[in-house]
Amino acid sequence: MADAQNISLDSPGSVGAVAVPVVFALIFLLGTVGNGLVLAVLLQPGPSAWQEPGSTTDLFILNLAVADLCFILCCVPFQATIYTLDAWLFGALVCKAVHLLIYLTMYASSFTLAAVSVDRYLAVRHPLRSRALRTPRNARAAVGLVWLLAALFSAPYLSYYGTVRYGALELCVPAWEDARRRALDVATFAAGYLLPVAVVSLAYGRTLRFLWAAVGPAGAAAAEARRRATGRAGRAMLAVAALYALCWGPHHALILCFWYGRFAFSPATYACRLASHCLAYANSCLNPLVYALASRHFRARFRRLWPCGRRRRHRARRALRRVRPASSGPPGCPGDARPSGRLLAGGGQGPEPREGPVHGGEAARGPE
(Lines of atoms letter the chains of each structure in order from A; the text may use other names.)
(Lines give C-alpha, C1' and ligand atoms only; values in the text may rest on other atoms or scores of the structure.)
Protein backbone atom coordinates (compact mmCIF):
# COMPACT_ATOMS: atom_id res chain seq x y z
CA MET A 1 0.00 0.00 0.00
CA ALA A 2 1.31 3.38 -0.99
CA ASP A 3 3.89 4.82 1.42
CA ALA A 4 2.33 3.41 4.57
CA GLN A 5 5.45 1.29 4.95
CA ASN A 6 7.66 4.31 5.56
CA ILE A 7 6.07 5.35 8.83
CA SER A 8 6.08 3.26 11.97
CA LEU A 9 4.20 3.83 15.16
CA ASP A 10 5.64 6.44 17.47
CA SER A 11 6.22 4.07 20.37
CA PRO A 12 5.37 0.53 21.43
CA GLY A 13 3.15 1.89 24.16
CA SER A 14 1.02 4.08 21.89
CA VAL A 15 -2.65 3.41 21.32
CA GLY A 16 -1.92 2.42 17.73
CA ALA A 17 0.59 -0.21 18.83
CA VAL A 18 -2.22 -1.93 20.73
CA ALA A 19 -5.17 -1.20 18.43
CA VAL A 20 -3.54 -2.20 15.15
CA PRO A 21 -2.69 -5.80 16.15
CA VAL A 22 -6.18 -6.24 17.60
CA VAL A 23 -7.90 -4.94 14.45
CA PHE A 24 -5.74 -7.01 12.12
CA ALA A 25 -6.20 -10.10 14.30
CA LEU A 26 -9.99 -9.68 14.14
CA ILE A 27 -9.87 -9.25 10.36
CA PHE A 28 -7.69 -12.33 10.04
CA LEU A 29 -9.86 -14.48 12.33
CA LEU A 30 -13.24 -13.42 10.92
CA GLY A 31 -12.03 -13.52 7.32
CA THR A 32 -10.45 -16.96 7.62
CA VAL A 33 -13.41 -18.55 9.40
CA GLY A 34 -16.07 -16.77 7.33
CA ASN A 35 -14.61 -17.44 3.90
CA GLY A 36 -13.64 -20.98 4.90
CA LEU A 37 -17.27 -21.66 5.81
CA VAL A 38 -18.45 -20.12 2.52
CA LEU A 39 -16.19 -22.55 0.64
CA ALA A 40 -17.49 -25.45 2.73
CA VAL A 41 -21.11 -24.48 2.05
CA LEU A 42 -20.66 -24.06 -1.70
CA LEU A 43 -18.52 -27.17 -2.18
CA GLN A 44 -20.88 -29.56 -0.42
CA PRO A 45 -23.14 -31.64 -2.70
CA GLY A 46 -26.68 -30.45 -3.13
CA PRO A 47 -28.73 -27.78 -4.88
CA SER A 48 -27.59 -24.23 -5.44
CA ALA A 49 -27.34 -22.03 -2.37
CA TRP A 50 -29.61 -19.61 -4.24
CA GLN A 51 -32.15 -22.19 -5.44
CA GLU A 52 -31.18 -21.67 -9.08
CA PRO A 53 -30.62 -24.87 -11.10
CA GLY A 54 -27.16 -24.86 -12.64
CA SER A 55 -26.45 -21.59 -10.87
CA THR A 56 -23.51 -19.59 -12.15
CA THR A 57 -23.82 -17.36 -9.08
CA ASP A 58 -22.37 -20.09 -6.87
CA LEU A 59 -19.23 -20.24 -9.03
CA PHE A 60 -18.69 -16.49 -8.87
CA ILE A 61 -19.24 -16.41 -5.10
CA LEU A 62 -16.83 -19.33 -4.77
CA ASN A 63 -14.24 -17.32 -6.69
CA LEU A 64 -14.78 -14.28 -4.49
CA ALA A 65 -14.32 -16.41 -1.37
CA VAL A 66 -11.08 -17.88 -2.77
CA ALA A 67 -9.73 -14.39 -3.53
CA ASP A 68 -10.73 -13.08 -0.10
CA LEU A 69 -9.22 -16.08 1.68
CA CYS A 70 -5.95 -15.76 -0.24
CA PHE A 71 -5.78 -12.09 0.69
CA ILE A 72 -6.53 -12.79 4.37
CA LEU A 73 -4.00 -15.61 4.71
CA CYS A 74 -1.16 -14.25 2.57
CA CYS A 75 -1.34 -10.49 3.03
CA VAL A 76 -2.98 -9.40 6.29
CA PRO A 77 -0.39 -10.93 8.69
CA PHE A 78 2.53 -9.36 6.82
CA GLN A 79 0.79 -5.99 6.53
CA ALA A 80 0.17 -6.06 10.28
CA THR A 81 3.92 -6.29 10.91
CA ILE A 82 4.50 -3.19 8.77
CA TYR A 83 2.36 -1.13 11.15
CA THR A 84 3.60 -2.68 14.39
CA LEU A 85 7.33 -3.36 13.86
CA ASP A 86 10.13 -0.95 13.07
CA ALA A 87 11.69 -3.14 10.35
CA TRP A 88 10.73 -5.62 7.65
CA LEU A 89 11.82 -9.09 8.76
CA PHE A 90 10.95 -11.30 5.80
CA GLY A 91 13.33 -10.34 3.01
CA ALA A 92 12.97 -8.80 -0.44
CA LEU A 93 11.16 -11.75 -2.07
CA VAL A 94 8.33 -11.80 0.47
CA CYS A 95 8.09 -8.00 0.26
CA LYS A 96 7.45 -8.24 -3.48
CA ALA A 97 5.17 -11.30 -3.23
CA VAL A 98 2.92 -9.83 -0.54
CA HIS A 99 2.22 -6.65 -2.48
CA LEU A 100 1.71 -8.59 -5.69
CA LEU A 101 -0.91 -10.75 -3.93
CA ILE A 102 -2.63 -7.68 -2.49
CA TYR A 103 -3.30 -6.26 -5.94
CA LEU A 104 -3.84 -9.65 -7.59
CA THR A 105 -6.69 -10.47 -5.21
CA MET A 106 -8.04 -6.91 -5.41
CA TYR A 107 -8.26 -7.14 -9.20
CA ALA A 108 -9.75 -10.65 -9.00
CA SER A 109 -12.47 -9.44 -6.63
CA SER A 110 -13.34 -6.33 -8.65
CA PHE A 111 -13.41 -8.16 -11.99
CA THR A 112 -15.52 -10.96 -10.49
CA LEU A 113 -18.05 -8.44 -9.19
CA ALA A 114 -18.23 -6.87 -12.65
CA ALA A 115 -18.75 -10.30 -14.23
CA VAL A 116 -21.47 -11.31 -11.78
CA SER A 117 -23.32 -8.01 -12.30
CA VAL A 118 -23.46 -8.72 -16.04
CA ASP A 119 -24.55 -12.29 -15.26
CA ARG A 120 -27.42 -11.03 -13.08
CA TYR A 121 -28.47 -8.55 -15.77
CA LEU A 122 -28.65 -11.31 -18.38
CA ALA A 123 -30.56 -13.56 -15.98
CA VAL A 124 -33.21 -10.89 -15.44
CA ARG A 125 -33.36 -9.13 -18.79
CA HIS A 126 -32.93 -12.14 -21.11
CA PRO A 127 -33.77 -15.23 -19.01
CA LEU A 128 -34.41 -17.53 -22.00
CA ARG A 129 -31.90 -16.29 -24.56
CA SER A 130 -29.08 -16.20 -22.00
CA ARG A 131 -29.47 -19.84 -20.90
CA ALA A 132 -27.02 -21.03 -23.53
CA LEU A 133 -24.50 -18.44 -22.34
CA ARG A 134 -25.01 -18.66 -18.57
CA THR A 135 -23.73 -22.19 -18.08
CA PRO A 136 -21.33 -23.53 -15.44
CA ARG A 137 -18.77 -24.20 -18.17
CA ASN A 138 -18.84 -20.60 -19.37
CA ALA A 139 -18.79 -19.35 -15.79
CA ARG A 140 -15.61 -21.35 -15.15
CA ALA A 141 -14.12 -19.85 -18.31
CA ALA A 142 -15.06 -16.38 -17.06
CA VAL A 143 -13.40 -17.09 -13.71
CA GLY A 144 -10.22 -18.18 -15.52
CA LEU A 145 -10.29 -14.99 -17.59
CA VAL A 146 -10.74 -12.95 -14.40
CA TRP A 147 -7.58 -14.40 -12.87
CA LEU A 148 -5.63 -14.02 -16.11
CA LEU A 149 -6.53 -10.32 -16.34
CA ALA A 150 -5.83 -9.87 -12.63
CA ALA A 151 -2.36 -11.38 -13.07
CA LEU A 152 -1.61 -9.12 -16.05
CA PHE A 153 -2.73 -5.93 -14.30
CA SER A 154 -0.96 -6.73 -11.02
CA ALA A 155 2.33 -7.98 -12.55
CA PRO A 156 4.05 -4.54 -12.35
CA TYR A 157 3.87 -4.73 -8.56
CA LEU A 158 6.56 -7.42 -8.62
CA SER A 159 9.09 -4.64 -9.15
CA TYR A 160 7.14 -1.73 -7.62
CA TYR A 161 8.18 -2.67 -4.08
CA GLY A 162 11.59 -3.61 -2.71
CA THR A 163 13.69 -3.53 0.42
CA VAL A 164 16.09 -0.74 1.38
CA ARG A 165 18.46 -0.30 4.30
CA TYR A 166 17.74 2.54 6.70
CA GLY A 167 20.57 2.49 9.18
CA ALA A 168 20.47 -0.91 10.84
CA LEU A 169 16.88 -1.55 9.68
CA GLU A 170 15.53 -3.11 6.49
CA LEU A 171 12.29 -1.59 5.17
CA CYS A 172 9.79 -2.78 2.54
CA VAL A 173 9.00 0.37 0.54
CA PRO A 174 8.13 1.48 -3.02
CA ALA A 175 11.26 1.23 -5.17
CA TRP A 176 10.14 3.10 -8.32
CA GLU A 177 10.70 6.76 -9.00
CA ASP A 178 7.75 9.09 -8.45
CA ALA A 179 6.65 9.44 -12.09
CA ARG A 180 6.33 5.69 -12.63
CA ARG A 181 4.66 5.19 -9.26
CA ARG A 182 2.09 7.88 -10.00
CA ALA A 183 1.30 6.39 -13.42
CA LEU A 184 0.79 2.89 -11.97
CA ASP A 185 -1.29 4.12 -9.03
CA VAL A 186 -3.60 6.05 -11.37
CA ALA A 187 -3.86 3.05 -13.71
CA THR A 188 -4.70 0.80 -10.74
CA PHE A 189 -7.44 3.19 -9.64
CA ALA A 190 -8.91 3.31 -13.15
CA ALA A 191 -8.71 -0.41 -13.98
CA GLY A 192 -9.15 -1.93 -10.52
CA TYR A 193 -11.79 0.38 -9.07
CA LEU A 194 -13.33 2.94 -11.41
CA LEU A 195 -14.03 0.62 -14.36
CA PRO A 196 -15.46 -2.32 -12.32
CA VAL A 197 -17.62 0.02 -10.22
CA ALA A 198 -18.91 1.66 -13.42
CA VAL A 199 -19.78 -1.73 -14.93
CA VAL A 200 -21.50 -2.85 -11.73
CA SER A 201 -23.45 0.41 -11.45
CA LEU A 202 -24.57 0.28 -15.08
CA ALA A 203 -25.54 -3.41 -14.97
CA TYR A 204 -27.48 -3.23 -11.70
CA GLY A 205 -29.00 0.11 -12.67
CA ARG A 206 -30.38 -1.35 -15.90
CA THR A 207 -31.50 -4.48 -14.02
CA LEU A 208 -33.44 -2.49 -11.42
CA ARG A 209 -34.89 -0.23 -14.10
CA PHE A 210 -36.14 -3.25 -16.03
CA LEU A 211 -37.63 -4.87 -12.92
CA TRP A 212 -39.60 -1.77 -12.02
CA ALA A 213 -40.65 -0.82 -15.55
CA ALA A 214 -43.82 -2.93 -15.57
CA VAL A 215 -46.74 -1.51 -17.56
CA GLY A 216 -50.30 -2.55 -16.73
CA PRO A 217 -51.51 -5.34 -14.42
CA ALA A 218 -49.98 -8.13 -16.50
CA GLY A 219 -46.64 -6.34 -16.62
CA ALA A 220 -46.75 -5.70 -12.87
CA ALA A 221 -47.41 -9.38 -12.17
CA ALA A 222 -44.56 -10.45 -14.44
CA ALA A 223 -42.19 -7.96 -12.85
CA GLU A 224 -43.14 -9.17 -9.37
CA ALA A 225 -42.48 -12.76 -10.44
CA ARG A 226 -39.07 -11.75 -11.81
CA ARG A 227 -38.26 -9.91 -8.58
CA ARG A 228 -39.12 -12.98 -6.51
CA ALA A 229 -37.14 -15.28 -8.78
CA THR A 230 -33.98 -13.19 -8.87
CA GLY A 231 -34.17 -11.28 -5.61
CA ARG A 232 -32.02 -13.49 -3.38
CA ALA A 233 -28.86 -13.65 -5.46
CA GLY A 234 -29.38 -10.17 -6.89
CA ARG A 235 -29.70 -8.47 -3.51
CA ALA A 236 -26.72 -10.36 -2.09
CA MET A 237 -24.39 -9.55 -4.97
CA LEU A 238 -25.55 -5.92 -5.08
CA ALA A 239 -24.71 -5.62 -1.38
CA VAL A 240 -21.29 -7.23 -1.94
CA ALA A 241 -20.55 -4.81 -4.79
CA ALA A 242 -21.63 -1.82 -2.69
CA LEU A 243 -19.39 -2.99 0.17
CA TYR A 244 -16.45 -3.28 -2.21
CA ALA A 245 -16.96 0.27 -3.46
CA LEU A 246 -17.32 1.66 0.06
CA CYS A 247 -14.38 -0.25 1.54
CA TRP A 248 -11.83 0.33 -1.23
CA GLY A 249 -12.93 3.86 -2.19
CA PRO A 250 -11.12 5.68 0.68
CA HIS A 251 -7.89 3.80 -0.06
CA HIS A 252 -7.84 4.92 -3.70
CA ALA A 253 -8.97 8.44 -2.78
CA LEU A 254 -6.08 8.88 -0.35
CA ILE A 255 -3.56 7.69 -2.95
CA LEU A 256 -4.90 10.24 -5.44
CA CYS A 257 -4.74 12.95 -2.76
CA PHE A 258 -1.14 11.97 -2.10
CA TRP A 259 -0.20 12.49 -5.74
CA TYR A 260 -2.43 15.42 -6.73
CA GLY A 261 -3.34 17.19 -3.49
CA ARG A 262 -1.86 18.40 -0.25
CA PHE A 263 -1.05 15.33 1.82
CA ALA A 264 1.74 16.19 4.25
CA PHE A 265 3.05 13.40 6.46
CA SER A 266 1.65 13.87 9.96
CA PRO A 267 0.01 11.78 12.69
CA ALA A 268 -3.41 12.76 11.31
CA THR A 269 -2.66 11.69 7.74
CA TYR A 270 -1.00 8.54 9.04
CA ALA A 271 -4.18 7.70 10.98
CA CYS A 272 -6.24 8.30 7.82
CA ARG A 273 -4.05 5.96 5.79
CA LEU A 274 -4.18 3.31 8.48
CA ALA A 275 -7.98 3.57 8.72
CA SER A 276 -8.35 3.33 4.93
CA HIS A 277 -6.17 0.22 4.82
CA CYS A 278 -8.06 -1.45 7.66
CA LEU A 279 -11.35 -0.67 5.90
CA ALA A 280 -10.07 -2.15 2.63
CA TYR A 281 -8.83 -5.28 4.40
CA ALA A 282 -12.12 -5.63 6.30
CA ASN A 283 -13.94 -5.98 2.98
CA SER A 284 -12.61 -9.54 2.74
CA CYS A 285 -14.33 -10.61 5.97
CA LEU A 286 -17.70 -8.89 5.41
CA ASN A 287 -18.89 -10.81 2.35
CA PRO A 288 -19.75 -14.04 4.25
CA LEU A 289 -22.06 -12.03 6.51
CA VAL A 290 -23.88 -10.71 3.44
CA TYR A 291 -24.42 -14.22 2.06
CA ALA A 292 -25.75 -15.46 5.40
CA LEU A 293 -28.14 -12.54 5.81
CA ALA A 294 -29.38 -12.48 2.21
CA SER A 295 -30.33 -16.11 1.59
CA ARG A 296 -32.24 -18.52 3.81
CA HIS A 297 -31.16 -21.31 1.44
CA PHE A 298 -27.53 -20.41 2.13
CA ARG A 299 -28.25 -20.57 5.86
CA ALA A 300 -29.97 -23.94 5.43
CA ARG A 301 -26.95 -25.35 3.60
CA PHE A 302 -24.72 -23.93 6.32
CA ARG A 303 -26.72 -25.79 8.98
CA ARG A 304 -26.28 -29.01 7.03
CA LEU A 305 -22.52 -28.79 7.65
CA TRP A 306 -23.03 -29.71 11.31
CA PRO A 307 -24.03 -33.17 12.64
CA CYS A 308 -26.93 -31.77 14.66
CA GLY A 309 -28.38 -30.20 11.51
CA ARG A 310 -28.12 -33.48 9.59
CA ARG A 311 -29.78 -35.44 12.42
CA ARG A 312 -32.61 -32.91 12.64
CA ARG A 313 -33.20 -33.16 8.89
CA HIS A 314 -33.17 -36.97 9.05
CA ARG A 315 -35.74 -36.98 11.88
CA ALA A 316 -37.96 -34.59 9.91
CA ARG A 317 -37.90 -36.89 6.87
CA ARG A 318 -38.79 -39.93 8.99
CA ALA A 319 -41.65 -38.05 10.65
CA LEU A 320 -42.93 -36.97 7.22
CA ARG A 321 -42.93 -40.58 6.00
CA ARG A 322 -44.90 -41.71 9.07
CA VAL A 323 -47.65 -39.11 8.66
CA ARG A 324 -47.93 -39.43 4.84
CA PRO A 325 -51.46 -40.78 4.07
CA ALA A 326 -51.72 -44.19 2.45
CA SER A 327 -53.77 -42.75 -0.41
CA SER A 328 -50.93 -40.45 -1.43
CA GLY A 329 -49.53 -42.98 -3.87
CA PRO A 330 -50.33 -42.97 -7.60
CA PRO A 331 -53.63 -44.41 -8.88
CA GLY A 332 -53.74 -48.14 -8.93
CA CYS A 333 -51.46 -48.60 -5.87
CA PRO A 334 -52.74 -50.90 -3.10
CA GLY A 335 -53.19 -47.94 -0.77
CA ASP A 336 -55.62 -46.27 -3.15
CA ALA A 337 -58.97 -47.98 -2.52
CA ARG A 338 -61.00 -45.46 -4.50
CA PRO A 339 -61.48 -46.38 -8.18
CA SER A 340 -60.28 -43.79 -10.60
CA GLY A 341 -63.49 -43.79 -12.59
CA ARG A 342 -67.19 -44.69 -12.49
CA LEU A 343 -68.13 -48.32 -13.28
CA LEU A 344 -70.57 -48.73 -16.17
CA ALA A 345 -73.12 -51.41 -16.59
CA GLY A 346 -70.94 -53.17 -19.12
CA GLY A 347 -68.01 -53.47 -16.74
CA GLY A 348 -66.06 -50.48 -18.17
CA GLN A 349 -65.28 -47.20 -16.52
CA GLY A 350 -66.73 -43.83 -17.27
CA PRO A 351 -65.29 -40.38 -16.69
CA GLU A 352 -64.83 -39.05 -13.17
CA PRO A 353 -67.88 -37.25 -11.74
CA ARG A 354 -67.34 -33.49 -11.82
CA GLU A 355 -68.36 -32.98 -8.21
CA GLY A 356 -66.20 -35.83 -6.93
CA PRO A 357 -62.87 -35.64 -5.10
CA VAL A 358 -59.62 -34.49 -6.61
CA HIS A 359 -58.06 -36.49 -9.42
CA GLY A 360 -55.61 -39.21 -8.59
CA GLY A 361 -52.77 -37.21 -10.16
CA GLU A 362 -53.39 -34.40 -7.71
CA ALA A 363 -53.67 -36.72 -4.74
CA ALA A 364 -50.40 -38.33 -5.73
CA ARG A 365 -48.50 -35.15 -5.16
CA GLY A 366 -48.56 -35.52 -1.38
CA PRO A 367 -47.21 -32.89 0.96
CA GLU A 368 -44.58 -30.62 -0.54
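Using the three backbone atoms N, Cα and C, a Cβ is placed for every residue, glycine included.
If you look up Swiss-Prot, you'll see Cys95-Cys172 marked as disulfide bond. Classification of Cys172 (disulfide bond) by DSSP places it within a strand.
The feature N-linked glycosylation site is assigned by Swiss-Prot to Asn6, with sequence analysis given as support.
Annotated S-palmitoyl cysteine per Swiss-Prot: Cys308, in sequence order.
The region 'Disordered' annotation in Swiss-Prot covers 317-368.
The feature topological domain 'Extracellular' is assigned by Swiss-Prot to 1-20 (among others).
Look at Swiss-Prot and you will find 42-57 (among others) tagged as topological domain 'Cytoplasmic', backed by sequence analysis.
Per-residue pLDDT, averaged along the topological domain 'Extracellular' (79-96), amounts to 91 for this model. Residues or ranges marked as topological domain 'Extracellular' in Swiss-Prot: 79-96 (among others).
The topological domain 'Cytoplasmic' annotation in Swiss-Prot covers 119-138 (among others) and rests on sequence analysis. Residue counts of the topological domain 'Cytoplasmic' (119-138) by helix, strand and coil are 10 helix, 0 strand, 10 coil (DSSP-based).
What Swiss-Prot records for 160-184 (among others) is topological domain 'Extracellular', and it gives sequence analysis as the kind of evidence.
Residues or ranges marked as topological domain 'Cytoplasmic' by Swiss-Prot: 206-236 (among others).
Residues annotated as topological domain 'Cytoplasmic' in Swiss-Prot, with sequence analysis given as evidence: 281-368 (among others).
Panel annotation: around the transmembrane segment (21-41), residues 49, 61-62, 65-66, 68-69, 71-73, 76-77, 79-80, 83-84, 278, 281-282, 284-285, 287-289, 291, 298, 301-302, 305 of the same chain, lying at least six beyond its termini, place a Cβ under 8 Å from a Cβ of the stretch. What Swiss-Prot records for 21-41 (among others) is transmembrane segment.
Residues 24, 27-28, 31-32, 35-36, 38-39, 42-43, 48-50, 90, 94, 97-98, 101-102, 105-106, 108-109, 112-113, 115-116, 119, 136, 139-140, 142-143, 146, 237, 240, 281, 283-285, 287-288, 291 of the same chain sit 6 or more residues outside the transmembrane segment (58-78) yet have a Cβ under 8 Å from a Cβ within it. Residues or ranges marked as transmembrane segment in Swiss-Prot (evidence: sequence analysis): 58-78 (among others).
Per Swiss-Prot, transmembrane segment is recorded for 97-118 (among others), and the stated evidence type is sequence analysis.
Annotation comment: Swiss-Prot describes 139-159 (among others) as transmembrane segment.
The annotation transmembrane segment is assigned in Swiss-Prot to 185-205 (among others) on the grounds of sequence analysis.
Local packing around the Cβ, expressed as the count of other Cβ atoms within 10 angstroms, is greatest for Cys172 among the disulfide-bonded residues Cys95, Cys172. Counting C-beta pairs under 8 angstroms (sequence separation of 6 or more), the transmembrane segment (237-257) fails to reach the transmembrane segment (139-159), with fewer than 3 such pairs. Counting residues of the topological domain 'Extracellular' (79-96) by DSSP class, helix then strand then coil, yields 12 helix, 0 strand, 6 coil.
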